[in-house]
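Summarising the annotation, TrEMBL assigns ATP binding site to K15, S170, D171, T212, G213, G214, M215, L216, T217, K218. Feature annotation from TrEMBL assigns substrate binding site to S55, D138, N150. Summarising the annotation, TrEMBL assigns domain 'Aspartate/glutamate/uridylate kinase' to 10-236. The domain 'PUA' annotation in TrEMBL covers 278-334.
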Amino acid sequence: MNTNSWKNWKRIVLKVGSALIAPSGNGCSAHQLFPIAQFIIECRKQGKEVVLVSSGSVAAGRHLFDSPERPSLAIKKAMAAAGQAEMVGTWDRLFDFPTSQILLTHGDLRDQERYQSIRDTLETSLEAGILPIVNENDTVTTDLLKVGDNDNLSAMVAAAADADALIMCSDINGLYNKNPKLHEDAELLSVVDEINDGIKAMAGGAISSTGTGGMLTKLQAAEKATAHGITTYIVNGFEAETFSRLVRGDNPGTMFTPYKNPMQDDLHWLTHTTRAQGEIIVDQSGAGQVLDEEQNLSSDHLVEVKGNFNIGDTVLVKTKDGTRLAKAVANYSSCLMSFISDQQSPNDHSFPTIESLIEEDNIAVLKEA
Ligand SMILES: Nc1ncnc2c1ncn2[C@@H]1O[C@H](COP(=O)(O)OP(=O)(O)O)[C@@H](O)[C@H]1O
Ligand SMILES: N[C@@H](CCC(=O)OP(=O)(O)O)C(=O)O
């Protein structure tokens, strides 16, 4: 059950950013991690399960390379490979219960079978009293395969773990109406009920060279998590007081209230975890069917196919004027759909209708549609 208060949380995903774990951008700081580790221990004492999403592998491995200020991608990957062991080892030394390492890419999260496998591993690890420590598998990622930042990763993990709360620990008290590192008069927002354009306009990028994404990616993460019914916080992990306040049920930073009617698991995964590999353009009556979510989409409504995708990949369904209608799972590859589309002509009905290019159960209508 996802409820809005500390007392009722059974499962928490805690995200610790590079700005916190490696404030100097070089090596892990066990000193900074101590209050967070104490918090994790306290959560577990109170019967709450915790999954840790920790950044810091690149920063931890930096000192091993004679690298310039802006290391190449290849060096960064090697830093992550070397630093990952140090980062997980630093956490592990702070606990007297077992930890595990889970390294993920977006390629894993967007594949239905691998996603299920991630869910099973998290569940089984938590049942066995293990603290899973998750990070992106930076060594093997490419632009197409990566999540790209651990804020979004932590929200995807929180959804996969069916968590009640996501707490993103950073070097800042929460979301301000403008970047407080640039504006002295910035004001902290303690509760955000809706992540609208006004809220998004407040968020800037990261200032430190270690952080990735800044507030922008934290808001994206909050959007994903709250849609799953997960109460989300951005808090200052440098302040020990943050954690005692959380344990008292107080809000020490910015709290994002979860949706009252969370999305179903599979629709949430389609909307917030998968990424469209291509596009299907449909006619007006096809658009109506897609928005109704009550019919399979037949090839009669297919206008055009864009991009390269395989069966089971996620596609974006759009109208001819470019309106984004829905994300959906493709029942045919782009190659086959293009062939079908080429064979169909308004004057020649000899080519048979293909009944379900996408199925009603695999359509997630987008908010803006
Ligand atoms: N509106 C804002 N409110 C708070 N911080 C902001 C805002 N806009 C940009 N930031 C920047 O986001 C940074 C936190 O993001 P980041 O450096 O990526 O941290 P982490 O490594 O913890 O993910 C803050 O230090 C701040 O410089
Ligand atoms: N996977 C990278 C962290 C990427 C990242 O998102 O960092 P941050 O925004 O500081 O949480 C690492 O371990 O160094």
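Cβ coordinates are placed from backbone N, Cα and C, and glycine is handled just like the others.
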Which of D138, D171, all binding-site residues, has a Cβ with the fewest other Cβ atoms inside 10 Å: D171
Listed binding-site residues S55, D138, N150, filtered to Cα within 10 Å of K15 (ATP binding site): S55, N150
Around the Cβ of G213 (ATP binding site), the count of other Cβ atoms that are within 10 Å: 19
Euclidean distance between Cα atoms of T217 (ATP binding site) and N150 (substrate binding site), Å: 8
Cβ neighbour count within 10 Å of N150 (substrate binding site): 26
Segment-level pLDDT (mean, integer) for the domain 'Aspartate/glutamate/uridylate kinase' (10-236): 93
Distance-selected binding-site residues near ligand 1 (C-beta under 6 Å), from D138, D171, G213, M215: D171, G213, M215
Rounded distance in angstrom between the Cα atoms of D171 (ATP binding site) and D138 (substrate binding site): 22
Cα distance (Å, whole number) from T217 (ATP binding site) to S55 (substrate binding site): 14
List of residues, in chain order, with Cβ under 8 A from that of T217 (ATP binding site) and at least 6 apart: D149, D151, N152
